[in-house]
Structures are given as C-alpha cells and as structure tokens.
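Here is the structure we will look at.
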Amino acid sequence: MISVVCPGSYDPVTNGHLDIIERCSRLFDEVVVSVLINKSKKGLFSIEERMEMISEVCEHLPNVRVDSWHGLLVDYCRANGIPAIAKGLRAVSDFDYELQMSQMNQRLSGVETLFISTNPEYSFLSSSLVKEIATYHGDVSHLVPRSIGRRLTARVDELA
Ligand code: PNS
C-alpha cells in the first residue's frame, strides 16, 4: 500500500487544498492529511477544529485520513512509513521555497516530494486571504466549502 502525506497548516482548509487532496486520493492507496503544528503561529482555529473541518469535507473520500504532528515533517513520514509528500504549486512564487524544502527533506530522510499543479481556478487562493476576506465580511462562498464558510463567519463574529 502506497501512502502520501498532504501537510499544511489548514487554517482553514480551502477549495484549493481539497482539490489537491481529491486528486491525490485518485493516485495513492492512502492519503494522510496532516495538520502541522506551528506553536509560533496563532491560528484562527485550533488544531482539533482544523482536523474536524478537514474530516468533514473529506467525508466522501474513503482513503483519506486526518492527523496532526508537531515537529519535522520527515520524522512524521518516517514514524508512519510514508514515502512521499504531496504539495500543490500555485505559482512560480511558491516554487523557490518549495524546491528548497523538498531538497532538504530528501537529504534529511530520502522522502520524496511530488508537486501537483494547482487547478488554475484556485491559483490565487490561500487560507490567509480567505481569513482576511471573512474578517471584513467578504464573500468566501466560492473559496471554501459551505460548512467551512459558516464556521469562518461564526468565528469572525465571536472575535468581533
Ligand atoms: O500550509 P503551510 O503553512 O504552507 O504548510 C507549510 C508546512 C507546514 C507544510 C511546512 O512549514 C512544514 O513542513 N513544516 C514542518 C516542519 C519541518 O519539517 N520543517 C523543515 C522543512 S525543510
């Protein structure tokens, strides 16, 4: 069985993430969506909430499971016997840093990184922009699944 990990902050999961996860689920036996914990970044949603939201929107994908990790991604891969990391590339601006990380991860552990070109429909999309738009009550209905949009609105109202 060949597994791949889709790592990220997922604060929150967007349609762009979901597109990459769905495409990976057609290529691999198992897709592990892992929420990487970055203690220095205060998120809008807790790690548990992010995992719950990913599980919700991936309910239709039986070979996808959700997990979290605090530490190096390659250590997660090693601990779970996962040979590959999948990353979506939105634009050339993503490439420099992603290439550097993939080469470092390869050198550290032998784990390979596979880049998937983002659907052009989502090439401008990021969780940070979605959060900013939601904060000012902009329309995020075409950027995130409906249930995530509802949670975003609720969280922004709670914090207002
Ligand atoms: O959604 P993001 O914030 O763009 O995801 C970036 C993430 C979490 C995948 C990346 O920062 C990462 O892999 N962090 C784990 C720590 C790690 O392994 N760092 C060394 C990279 S060479």
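Sequential numbering from 1, following the chain as shown.
Backbone N, Cα and C atoms are what each Cβ position is placed from, and that goes for glycine too.
Those TrEMBL annotations? Automatic predictions, nothing curated.
In TrEMBL, the substrate site is described by LYS41, LEU73, LYS87, and among SER3, SER9, SER117, SER123 the residue recorded at this site is SER9.
When secondary structure is read from DSSP and collapsed to three states, HIS17 (ATP binding site) falls in the helix class. LYS87 (substrate binding site) sits 8 Å from GLU98 (ATP binding site), taking the C-alpha atoms as the reference points. If you count neighbouring Cβ atoms within 10 Å for each of the binding-site residues HIS17, LYS41, LYS87, the highest count belongs to HIS17. Counting only same-chain residues at least 6 apart in sequence, those with a Cβ under 8 Å from the Cβ of GLU98 (ATP binding site) are LYS87, LEU89, THR113, PHE115. Considering only the binding-site residues HIS17, SER123, LEU125, SER127, the residue whose Cα is spatially closest to the Cα of LEU73 (substrate binding site) is HIS17. In the three-state DSSP reading, LEU89 (ATP binding site) counts as strand.
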